[in-house]
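Asks: Please find one structure pasted underneath; my questions will follow.
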Amino acid sequence: MSLLIPLLPNPNGPAAVVRIQDGFNHQSHSFSTLAGTILVQARDPAKLCMEIENAIDEHRFNDTWKLFEQHLHMDGFPRKSIVNKLLTSYAASLDVPWLEKAYGMVEQAIEESKQNLLGKEPLIYLSFVLAKCGLPVPASTILRKLIQMEQYPPVTAWSAILAHMSLTAPGAYLAAELILEIGYLFQDGRVDPRKKINAPLIAMKPNTIAMNIALTGCLLFGTTRKAEQLLDMMPRIGIRADTNLLIIMAHIYERNGRREELRKLQRHIDDSQSLTDTQFRQFYNCLLTCHLKFGDLDAASNMVLIMLRKAREARNSFATAALLFPIDKKSSPGPVSQESLGHKESGGLGNNRSNKDPTLSYEEFYRDRNFLKLDAEAKEVLNALLVELHMQVELITTERGILQPTEKIYVKLVKAFLESGKTKELAAFLIKAEKEDSPASNDNSALVHVINSCISLGWLDQAHDLLDEMRLAGVRTSSSVYASLLKAYCKANRTGEVTALLRDARRAGIQLDSSSYNALIEFRVIQKDTKEAFHIFKEMKEAKIPRTGHQEFEMLVKGCAEGGEAGLMAKLLREIKEEQAVDSGVHDWNNVIHFFCKKRLMQDAEKALKKMRSLGHAPNAQTFHSMVTGYAAIGGKYIEVTELWGEMKSIASATSMKFDQELLDSVLYTFVRGGFFSRANEVVDMMEKGKMFIDKYKYRTLYLKYHKTLYKGKTPKIQTESQVKKREAALTLKKWLGLN
């Protein structure tokens, strides 16, 4: 016997249509087509359950889904064992459409208050597979639901989920949010570990590995202020730093301009006996970068000179040891290259681990009661993330365990010295550097490359000043540099400088080449000074100058232009032309404002912001973020945040300044918390236009916590215009959150 049963929503709940927001790129769908009917045999639900189970065992997923739909419309959800078997089999398929259906089942069960049908282990397994398949939003939602249901997942399990989430930008942001949410439960000793009843909750407490994963993800995807929030939480939940965490902290402090924190950390780094060469390299790269950010050229150049001196001493010691104890060159370790460190991982985060890598079957997963395999996988992904982080180190390299500066740091230092007008100090630094690290020839020295770069950029005065400093310091320079500058002066028609440079060259005993004499003769002829032109020609003949002279500079410039080997000069030219000058004063004032905001001294922070503006330093996203989070920490300062938001909008419309995800997210949180829905919608619009990820789950939870009963009844007949606008704004936000 068969019955035609119309497809109506389940009377037990509104979830015949499953809403999967933010997770899958699919439209909302229903378990069955709403327009139409299906043929359902009138039979025992128990028999239907057996058929579902058989179909699962035979991997007939299409049949399992049809049978599940039949059971859903006949008698609601099947028994717990069938539901969980469906979830785990769909998860094990690693197929996004079946993962979508599994996630939809979880959502519907929770909406119909049937979460008792959902097992803890199957949900952890589904969350893990979702994360591994690049679907961090539903993966994080399941974790949050588990915690909400008090089915606490152990940290060894959820850290693996966190690791795979952190391979994408939205997932890395959600990973940090999850650590903050879970860590909040343990802050300031809220959970008593001595009570046996708290054992499952204690097992969920974040550990160092989970913290390392979340922080590294934040660094790789640029959400470093969120990372600093995690650092602030660490002592409150009792997380101890390992060597990896110390280096990750250094990266965060460098990105956020916390130089004093870096200096405090340096004591721990220097005293540590377990740091590797790679980790030392990363820390001192961070410290050097931070000195440059603050415009502290003395500290940065001293660091470089110290590295050069230690490298020279090490080379001398190694040479002495090699004489006494000959070393087999085949087995001698060479410089560590980034390529050798990165090997397969160098292709980017997306290529570190394939979504289709073999995944634990549910049976293996279930037998591993302590989640040791997931813990090992979390550590493996963390190592891959740390390799990606190490690949970003540019200023320092290592050779036989000795730190050495790269060409990149010379480029940045030279640029900073020239921009600040410190030509004399630049020359002194480069001369000292050459004494510590003698080049093969004077033509190949860093100072010569810098002078040639200045000539190429048209900075002839700076080039001449550097040449004078070299001459006064007794450093002999080849004729090619004088020739290049002389030609540039001739081309610029600067007679006085040409005469002065010729006098300096003769005093230094420099013999100019034929191309320089030709340029001088042409220059005098153009000036109609034929007498001087003839005198120069006569001097050239008497000196027996060959026709083919020095052409190193022309060849170098041509090589750079044609995309040849990128030497120091090519890198310097590119750096100066491409990068904008950094206002180091902004970092100083940001640190002052951040300090006051952290201490909740908002009046002092406001005064500091006012002083910062009066001195001509434009506040940036980091400045506004400190102010917004400071106001939010105090609570109730919504008017002040609204004023800041108005200023931010005017800056965004008048300049090219971009406001990042972290800043806008903190503003949005404050507006939703305070019920400023019109302003919240403005922030949402800006974030969506900028294609920024928004954690809707967080905002749904926040809205339901503080505004659950707002505007739920009928619309009042009499309302002011302000009330109408506020109601419309709230309903718009609710619709965006999916709460209608």
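Cβ atoms are placed via backbone N, Cα and C, with glycine included.
A TrEMBL annotation is a machine prediction, not a hand-curated record.
Positions annotated as domain 'At1g68980-like TPR repeats' by TrEMBL: 44-166. The region 'Disordered' annotation in TrEMBL covers 331-356. According to TrEMBL, the feature repeat 'PPR' maps to 478-512, 513-547, 585-619.
Describe the structural context of each listed feature in the structure shown, including burial, neighbouring residues and relevant distances.
Replies: Here the repeat 'PPR' (478-512) returns a mean pLDDT of 78 for the predicted model.
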Asks: Give the nonlocal contacts of the repeat 'PPR' (585-619) in its own chain as ranges (CB under 8 Å, at least six residues past its ends).
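Replies: Tertiary neighbours of the repeat 'PPR' (585-619) are 232, 257-260, 293-295, 626-627, 629-631, 633-634, 637, 640, 657.
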Asks: How many helix, strand and coil residues does the repeat 'PPR' (585-619) contain under DSSP?
Replies: 27 helix, 0 strand, 8 coil
